[in-house]
Amino acid sequence: MEYLILIAGLTVLALVVGGVLFLRPGRKPRPPVEPPAPPDATPGGTVTVEEEDQAAPTVERAPPAEAPPKPEIEIPPPSAGRLVRLRARLARSQNAFGRTLLNLLSRDTLDEEAWEEIEDTLIGADIGVSVARQIADDLRTRVQVLGARTPEEVRALLKEELLKQIGPDLDRSLRTERHGNRPAVLLVVGVNGTGKTTTCGKLARVLVGDGRTVLLGAADTFRAAAADQLETWGSRVGAKVVRRDEGADPASVAFEAVKTGIDTKVDTVIVDTAGRLHTKTGLMDELGKVKRVVEKQAEVDEVLLVLDATTGQNGLQQARVFAEVVNVTGIVLTKLDGTAKGGIVVQVQRELGVPVKLVGLGEGPDDLAPFEPEAFVDAILGD
Ligand SMILES: Nc1nc2c(ncn2[C@@H]2O[C@H](COP(=O)(O)OP(=O)(O)O)[C@@H](O)[C@H]2O)c(=O)[nH]1
Ligand SMILES: [Mg+2]
């Protein structure tokens, strides 16, 4: 009985205290999310870009005390260190593969079966059969020299081998700066659904965040929705979009976009193209024409091929076809947040002889990052 009275008493007390706290006048609105976590933050503590976006669209502009009105034009975060900030995404999708390798390599004795498993794990991550064998062979030689291994040694070995295959020294810079009184011109190509339009929009944000002025060209004229999609992206960061009616000639839209870019002296023109191309001849004709027409006014500085990382061999096949048609200068690997097959980075670079320059790590507006081999491998192997 006394016990029940005690519980009742405590409940009342809790309610009173809770009520007072809740009704306290002058309760402050939720403070803005802190600036991006430093590079050494634990994955769990990383501020995801979506959170940042909802609470405070920009780090620079703290919202006013009252309900923050959404600013007309957003100032996205700069590109530097993005992959490090987004590494939690990468870790979530790629970690299993890294951990399996680390566990296998840490075994006291590595027999034939273990080496086969190591090779299979690498192949399973889409790194390619010959590269998988090469990595396994290299590791085998080095492990024999090393003898007993500490976890740190194993991690360092594996990191070095993976980095070697990814090519830490490839030039992954994007040419996005004005030159010779002309804006830089980027063509974004790839099969439908890989993330081209999204990448154009995200890239515009990256560049605006880095202080550039950007113009978008909606040369996917198959559906009006594609131009609408691009316009939504552009309007958020104050980037003008050049578009025409559905069914218009893509090359003439691209031409007009570049012309407008020259006239208005923007830094970068990004041209989105259509991917709904059924035959290689159609692809050749259309993309070839777009590029030729643009080149009447300005050099095409980058042809970015967008590939969906989840499509494996299919994606590689697409890459081959596009590389035959246009001179691809960089690869954008999208949807790496949704696959454990990060090894595709290695395979596609070898296939095309062109570096992965950007990676897509989610559907959020700032989920596009310059590709950094070391941050990538660190995310795969965990800390
Ligand atoms: N998870 C994830 N989804 C993405 C990524 N990039 C694009 N998408 C999604 O892929 C779908 C197709 O994108 P879209 O840009 O319209 O493709 P397009 O047909 O090549 O222009 C959309 O739902 C995007 O949100 C990414 O990096 N991660
Ligand atoms: Mg599109």
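FYI, residue positions are counted from 1 along the chain as it appears here.
Using the three backbone atoms N, Cα and C, a Cβ is placed for every residue, glycine included.
The feature region 'Disordered' is assigned by TrEMBL to 26-78.
According to TrEMBL, the compositional bias 'Pro residues' annotation covers 32-41 (among others).
Annotated compositional bias 'Low complexity' per TrEMBL: 55-64, in sequence order.
What TrEMBL records for 65-78 (among others) is compositional bias 'Pro residues'.
According to DSSP, THR273 (GTP binding site) is assigned to coil rather than to any helix or strand. Per TrEMBL, the feature GTP binding site maps to 190-197, 272-276, 334-337.
Look at TrEMBL and you will find 355-368 tagged as domain 'SRP54-type proteins GTP-binding'. In the predicted model, residues of the domain 'SRP54-type proteins GTP-binding' (355-368) average a pLDDT of 96.
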> Three-state secondary structure of GLY193 (GTP binding site) from DSSP?
Replying inline: coil
>> With the Cβ atom as the reference point and anything under 6 Å counting, tell me which of the binding-site residues (GLY190, GLY193, LYS196, ARG276, LEU336) are near ligand 2.
In response: LYS196
> Do you know which of the binding-site residues LYS196, ARG276 has the most other C-beta atoms within 10 angstroms of its C-beta?
Replying inline: LYS196
>> Just to confirm: which same-chain residues, 6+ apart in sequence, have a Cβ under 8 Å from the Cβ of LEU336 (GTP binding site)?
In response: ARG89, LEU90, SER93, GLN94, ALA309, GLY342, VAL359, GLY360, LEU361
